[in-house]
Amino acid sequence: MSSKSENFFTDCVKDAAMGGLIALALFSVLIGMKAEVASGLGGGLGIEYRWAAVAIAVAVVFGGRLLLNLFVWKTKTPVTEKAGSLMPSMSSLAPLGKYAMPVFLVLAVLLPFLLMSAYGARGSRQYLDLAILVTTYVMLGWGLNIVVGLAGLLDLGYVAFYAVGAYSYALLAQYFGFSFWICLPLAGILAAFWGIILGFPVLRLRGDYLAIVTLAFGEIIRVVLLNWYEFTGGPDGISGIPRPSFFGIEFTRGEGGFADVFGLDYSSIHRIIFLYYLILIMALITNFVTMRLRKLPVGRAWEALREDEIACRSLGINTTNTKLTAFALGAMFGGFAGSFFATRQGFISPESFTFIESAVILAIVVLGGLGSQIGVVIAAIVMIGGFEFFRGLEEYRMLVFGLLMVIIMVWKPRGLISTRAPSITLSGKKGKGISADLVQEGHG
Amino acid sequence: MSSWDINPVLTIEHLTMRFGGLVAVDDLSFNVGRGDITALIGPNGAGKTTVFNCLTGFYKPTEGRIVMNRLNGEHFLLERMPDFQISAHAKVARTFQNIRLFGGMTLLENLMVAQHNPLMVASGYTIGGIFGLTSFRKAEREAVERACYWLEKTGLVDRADAPAADLPYGDQRRLEIARAMCSGPELLCLDEPAAGLNPKESAELNALLQYIRKEHQTSILLIEHDMSVVMEISDHVVVLDYGEKISDGTAAAVKDDPKVIAAYLGVPDEEVDAVEEEVGI
């Protein structure tokens with residue numbers, strides 16, 4: 001018995017020592033030597049040796065590997081298993097899912113008042129701003145969910161439609177003086193139009209190729225906005241974008257302003273609350289339409305397309321049109337969100353529409369669980385809210401954030417909500433969720 | 001003149017399909033009789049599935065003509081139509097050799113997807129559906145009824161709300177036939193429907209196919225290796241070998257055709273000359 005445990009220990013040490021040796025070989029060059037321009041007039045190139053840093057790095061590798069060997073990799077009772085059992089299982093979360101929707105909705109509606117009572121008008125502003133940001137991403141996530149989650153088309157350039165929406169409003173307001181409420185539908189239509197324009201050439205492509213072309217499309221839109229200086233203002237962006245009005249009532253101080261009409265004391269928070277409700281309603285409409293479409297033939301065709309395109313064609317479904325509608329609808333909601341973004345910020349520039357935005361929106365959809373509406377909400381809160389929440393950690397927040405993503409992806413590889421609810425059931429009841437293992441992810 | 005030549009539902013004329021230098025189907029002509037069960041048989045690699053892919057639009061034939069004659073008198077040249085229109089307008093439905101179901105969707109959803117086109121019209125191309133038009137709700141109810149009818153016929157109604165990928169193999173084969181039938185075809189093309197079925201399931205399949213042919217004015221064209229299915233239910237058998245038709249006739253006639261026996265079983269060395277003389281090579 002004792003020899004066995006001794007064996008186990010020497011095994012672990014041996015393995016860790018091997019790791020340490022490899023680390024030493026690598027780090028002695030990578031970390032140990034640093035090329036430096038010698039100070040002084042000569043200015044020759046010299047090498048600075050940092051053996052202490054190498055020692056630390058090797059010690060960390062050796063120690064880390066030893067601990068992992070002892071407690072996780074080589075032992076029969078790995079601590080990860082115990083830790084894994086601490087994580088809530090899916091079955092215990094199922095009843096939560098039933099109440100999550102209404103609870104989220106009530107919370108979202110009451111949020112401004114809760115914040116106001118907790119922090120006062122001045123203090124709650126930053127939290128409301130964050131709530132607006134999160135809700136914008138929820139809406140974008142829901143929009144992209146149509147394309148990626150339902151139709152299974154991997155779109156890496158979704159931010160292009162967000163940009164089209166934002167610039168549509170900004171330019172229409174600048175050149176023609178149109179108000180927000182006229183521009184909102186126009187921005188959606190224009191974005192949908194661009195969705196179809198993008199859709200046509202990429203329809204033949206699948207998987208990785210589709211992803212690359214959509215990525216390129218996103219960049220093209222941004223580069224055009226950046227370089228068409230006379231029209232879009234290029235890198236200077238567009239400023240002074242008009243704020244939205246409440247049925248024609250402006251949020252201004254004094255006579256005829258919102259506060260005056262409703263007999264309230266003027267406060268800048270009114271406009272923020274209004275913006276919050278505006279994006280909340282827009283997001284809820286997106287959700288309502290998507291949920292509705294899922295139960296209609298077109299939504300079922302999207303999901304069928306994700307499952308098996310060839311079978312779809314053999315059943316008489318025009319896959320070209322079906323893909324285009326998915327692209328156009330997803331783009332339209334992106335456009336709506338974009339025009340909201342423009343009116344909220346009052347200033348837009350191509351810098352707001354970089355690839356990282358597309359990546360974040362896609363991450364929200366993937367993290368939430370492809371095709372899951374409530375999953376997108378949770379993922380947006382975790383990702384956007386969490387990102388802001390860890391701002392105090394400064395440069396470490398990326399690290400924390402990355403770790404969080406890794407943990408979630410190990411724990412739930414198919415996203416937080418990984419069951420698919422049937423769109424129609426014979427029994428008329430809600431029906432049992434379909435495990436994600438059976439659902440295809442789509443192949444472009 | 002045989003019955004299938006008098007009133008054909010499908011006429012294939014001089015069909016040739018080349019992939020580069022490979023001739024998969026070579027100058028193939030035959031008729032599929034209306035209301036018949038026609039079997040397309042042949043050794044592996046004979047070009048049977050290629051014929052299917054040509055007539056359902058997945059391949060564009062290099063040469064030849066494929067005419068679908070619908071009950072209402074319309075004619076469709078299938079070689080010119082995109083694949084989805086062949087199902088939608090020419091009413092030719094097919095199943096696949098390696099089953100292609102929508103695995104993550106329930107059985108009922110699978111059958112609803114098959115009724116996409118009529119439902120799309122009923123939902124006012126989605127716009128009416130969003131607002132919940134009563135005419136759409138009625139159409140949807142009818143679609144569900146139709147789906148239930150086929151689920152009952154295939155004995156799957158108990159599992160209507162289960163995901164299709166969870167079904168056992170034999171049930172998946174039957175569901176694929178049910179799905180094809182939900183699109184209301186006049187010609188049903190089945191690619192090896194009995195593959196992997198046990199004798200009992202195979203017998204049930206025979207009954208199902210005969211029911212479809214009798215009750216639904218649907219002609220059936222099937223590729224099959226299982227001779228018990230072919231000989232028992234088919235009215236007309238076409239035999240392919242190396243992309244060429246080597247025999248065409250009733251099941252009994254084809255069974256005794258020396259060319260067919262030679263293609264399937266080969267012949268002893270000493271008889272090669274005699275058979276070749278008989279076959280005319």
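From the backbone N, Cα and C atoms, a Cβ is placed for every residue, glycine too.
For reference, TrEMBL has these:
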type: TRANSMEM; residues: A:16-37; note: transmembrane segment
type: TRANSMEM; residues: A:49-73; note: transmembrane segment
type: TRANSMEM; residues: A:93-115; note: transmembrane segment
type: TRANSMEM; residues: A:127-150; note: transmembrane segment
type: TRANSMEM; residues: A:156-173; note: transmembrane segment
type: TRANSMEM; residues: A:180-203; note: transmembrane segment
type: TRANSMEM; residues: A:209-229; note: transmembrane segment
type: TRANSMEM; residues: A:274-293; note: transmembrane segment
type: TRANSMEM; residues: A:324-343; note: transmembrane segment
type: TRANSMEM; residues: A:355-384; note: transmembrane segment
type: TRANSMEM; residues: A:396-411; note: transmembrane segment
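With a cut-off of 8 Å on Cβ pairs spaced 6 or more residues apart, the transmembrane segment (A:324-343) and the transmembrane segment (A:396-411) reach fewer than 3 such pairs and are scored as not touching.
For the transmembrane segment (A:355-384), same-chain residues at least 6 beyond its ends with a Cβ under 8 Å from one of its own Cβ atoms are 97, 100-101, 104, 130, 133-135, 137-138, 140-142, 144-145, 148-150, 152, 155-160, 162, 215, 218-219, 287, 290-291, 303, 404-405, 408-409, 412, 414-420, 436, 439, 441.
When Cβ-Cβ distances below 8 Å are used as the criterion, the transmembrane segment (A:209-229) is approached by residues 153-160, 163-164, 167, 194, 198, 201-202, 235, 350, 353-355, 358, 444 of the same chain, each at least six residues removed from its ends.
With a threshold of 8 Å between CB atoms, the same-chain residues lying at least 6 positions outside the transmembrane segment (A:16-37) that come near it are 43-51, 53-54, 57-59, 61-63, 65-66, 69.
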